[in-house]
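*Asks:* Among the features that Swiss-Prot reports, site 'Part of a proton relay during catalysis' is placed at T46, Y109. Positions annotated as pyruvate binding site by Swiss-Prot: T47, I206. Residues or ranges marked as active site, proton donor/acceptor by Swiss-Prot on the basis of sequence analysis: Y135. Feature annotation from Swiss-Prot assigns active site, schiff-base intermediate with substrate to K164.
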Amino acid sequence: MQAFIGTGVALVTPFKKDFSVDTQALKRIVNYVIDGGVEYLVVLGTTAESATLSQDEKELVIATIVDANNGRLPLVLGIGGNNTMKVVEELKTRDFSKFSAVLSVSPYYNKPTQEGIYQHFKMVAEASPIPVILYNVPGRTASNMLPETVLRLAKDFKNLIGIKEAAGDIVQAMKLIQGKPKDFLVISGDDMITLPMILAGGSGVISVIGEGYPKEFSQMVRLGLQRKVDEAYILHYKLMNSIDMIFEQGNPSGVKEIFKSLGLSENTVRLPLVSVNEDLSNRLDLFTKQLSK
C-alpha cells in the first residue's frame, strides 16, 4: 500500500473556548498539514480526543475533514475499542466511500491474552470492507501485541496491511520488520524513534509532531526513506526537543499549543485533559518561532 508510506498525521479535534467543535479551525489545520507535505490523514484517532466526542460530533469531524481534504490525500478512519462486537458492527455499517483504510487499536482495559487479541482482530479483518492498519500502543491499552501475534495476523489476513507500532521499543519493531510479509507496513507510532525505525526498514509514521511541524517532519521521513541519513538526522535533532515537549503534559495538549502559537486554533482540550501550563506554553511558543526563522 504505497499510499501509507511516509508521514500520516493524527488530526486533532480543535475546540472553541466553550468546548464546542471548531470546524473552521479544523479546516485550517487540514490545509496546513497538506500544504506541509504529509502523505495521508488519520481521522478520529487518539489525538482527536475521540473518547470525549459524542457520535454526532464524530460525524461532524468526519464530514469537515472529508470536505476540507477534497480528495487530495488518502484518509484513514480510527475504529477500535474493547467491545469486539461493537467494533464489528461499526465496520459493517459505516460508509467507507471516502476512506482508504481503518486504523484499529488493540483492545484496552480488558487486558486480553495474545489469543484474545488475535481473535479480536480476526473478527475485525473479516468484518472490514477496506484495509486495516493494526495499532499497538501498550502504554494506553495495558496489553502489548507481541510480534508473534502481529505476524500471525499479517499472514492469516491479507486485508491487515500494516501496524502502527507505538510500544516505543526499537527491538520489537525490528522483530516485526524481520518477520513480516513483503508488503506488510511497519509504521512508527512514536515520533522520537521514527527515523531509527525507518532506517531499520519501517514504512514511515503516524505522527503528532508531524501535525505541528509538517514541513520539517515529513521531509525528515522522506530523507530517511531515501537513505539520506545525515540530512535526515539533522532534522531529527532539530525537532527532538519539541517531541519531548508536546508529550510532556499530555497529548494533544502540547500540539494544540503549537496550533495556538501558529494562529490556527485555540489550545482548548476537554477534561480529563487540561491545557499546558504557562512554562510549557512559553517554551513551545519560543521553539515554534525559532523553527520558522
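Using the three backbone atoms N, Cα and C, a Cβ is placed for every residue, glycine included.
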*Asks:* Whose Cβ, among the recorded positions Y109, Y135, has more other Cβ atoms within 10 Å than any of the rest?
*Replies:* Y135
*Asks:* Looking at the recorded positions T46, Y109, Y135, K164, which has the shortest Cα distance to I206 (pyruvate binding site)?
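*Replies:* Looking at Cα distances from I206 (pyruvate binding site), the smallest one goes to K164.
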*Asks:* If one measures from the C-alpha of T46 (site 'Part of a proton relay during catalysis') to the C-alpha of K164 (active site, schiff-base intermediate with substrate), what distance in angstrom results, rounded to a whole number?
*Replies:* 12
*Asks:* May I ask which residues of the same chain, at least 6 positions away in sequence, place their Cβ under 8 angstroms from the Cβ of T47 (pyruvate binding site)?
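*Replies:* For T47 (pyruvate binding site), the qualifying residues are A10, L11, V12, V208, E211, N251, P252, V255.
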*Asks:* Once near-sequence residues are set aside, which residues in the chain of K164 (active site, schiff-base intermediate with substrate), 6 or more away, have Cβ atoms under 8 Å from its Cβ?
*Replies:* L103, I133, L134, Y135, N136, V137, I187, S188, G189, I206
*Asks:* Under a three-state reading of DSSP, tell me whether K164 (active site, schiff-base intermediate with substrate) is helix, strand or coil.
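*Replies:* Looking at the DSSP assignment, K164 (active site, schiff-base intermediate with substrate) belongs to a strand.
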*Asks:* In the structure shown, which of the recorded positions T46, I206 has the fewest other Cβ atoms within 10 Å?
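*Replies:* Fewest other Cβ atoms within 10 Å, among the recorded positions T46, I206, is found for T46.
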*Asks:* According to DSSP, does Y135 (active site, proton donor/acceptor) fall in a helix, a strand, or coil?
*Replies:* strand
